[in-house]
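Novice: Before anything else, here's the structure in question.
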């Protein structure tokens, strides 16, 4: 797609003169919370007893993990694996996955499994739940077994995955073997893992969450799936690979597909009633009677309409509780849910743009500043002119026009903005227009908080 705007000069009709003037002068109201205290007020409140410092402890908070709002906040933490009585709408999936790996209980090779589905559909939850129960059953039947969960987004190379497996097995078995954190290749880490397996276990289930994030996923899968056949270990190793990419299995080479011979499952998004039940089962994270009527239903409905992601729904409920707790509210209200939805979206946008360059953040900031309540589209030439102003404000050297155009295209691919090819007639030719598709306030808060220069430019944060 070609953008022929370089000779347009000042004739960008997408941006009014008023907007150009406002760009340099507008500052955003950035109050951060319902209840704020100045440094002087906080200092005046400082007690003689550090255990009750009002900077950290709210009125009504108890010692320990409880507060006026929270009874057990960790029940809403992302890493918490709920008990079987809290798992909703995945009975069939639990039975299906269990049926594929159950052979380990009988000292036989379990089938390898690949689970597909969007984020927050219970893939990791079901995998860990089934694997934990398998280990308990096998061990009770005198078949020593272990399961290892690997978050491949953080361990995105074969060496890191092999190291994680080896270290997890060492810890679980109390082998006393110290696995080096650095300095070894994948082959050495595999050797450590196989030695521990043969010493302590007859079987192992390895859960590879977001397997598609691993650089050499094929090498990893081939190694683990053929470990017993190749004589590296006498134990049976089963693999549960999890991916958001429905085409992941088809991308594997024939050698890996042959050694894996997987059984595949697809997990569908949760429905509103299922999300509501999931949240109800976590109600005891809160003190009794602090959840206002409608809070859980509102959270579930919003989540089902937007994404069907139970993990995000739980996160929204946690953030709503934090907002109530931070502002010393007596109850969690539906307006706290409204704010929590936006804060959660800010966190997701921040995560999306975290790996982008500082210049990309300046371009996104510029597009956000130009965006008004009508969320109109802007030509690359108009954005570039204001991007140069932004660079001047923060003391950065502007990139070339073509490079900024490339950044705008990248932001579109990331799902933050959208680019449109427009025909301007014989005189103007074909050009691009760009538009935010995420909420402006969400984007601006995310980008301002992700770049210290922009935070200083705004002297604070957007109120979300």
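Here the Cβ of each residue, glycine as well, is placed from N, Cα and C on the backbone.
Please treat TrEMBL annotations as automatic predictions, because they have not gone through curation.
For reference, TrEMBL lists these features for the protein:
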REGION    1-65  region 'Disordered'
COMPBIAS  15-27  compositional bias 'Basic and acidic residues'
COMPBIAS  32-47  compositional bias 'Polar residues'
COMPBIAS  56-65  compositional bias 'Basic and acidic residues'
DOMAIN    109-273  domain 'AAA+ ATPase'
BINDING   121, 122, 123, 124, 125, 270, 282  ATP binding site
DOMAIN    364-447  domain 'Cdc6 C-terminal'
Novice: Would you mind listing, in sequence order, the residues at least six apart from residue 124 (ATP binding site) in the same chain with a Cβ closer than 8 Å to its Cβ?
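Specialist: Residues satisfying the criterion: 149, 207, 209, 242.
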Novice: Looking only at the domain 'Cdc6 C-terminal' (364-447), report the model's average pLDDT.
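Specialist: So the average pLDDT across the domain 'Cdc6 C-terminal' (364-447) works out to 90.
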Novice: Write out the long-range same-chain contacts of residue 125 (ATP binding site), meaning residues 6 or more apart in sequence whose Cβ is under 8 Å from its Cβ.
Specialist: 81, 82, 87, 90
Novice: For the ATP binding site, please report the maximum Cα-Cα distance among 121, 122, 123, 124, 125, 270, 282 in Å.
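Specialist: Of all Cα pairs among the recorded ATP binders, the widest measures 19 Å.
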Novice: Which three-state DSSP class does residue 121 (ATP binding site) fall into?
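Specialist: Residue 121 (ATP binding site) sits in coil per DSSP, no helix or strand.
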Novice: Starting from the Cβ of residue 270 (ATP binding site), draw a 10 Å sphere and report how many other Cβ atoms land inside it.
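Specialist: Looking across every protein chain shown, the total is 27.
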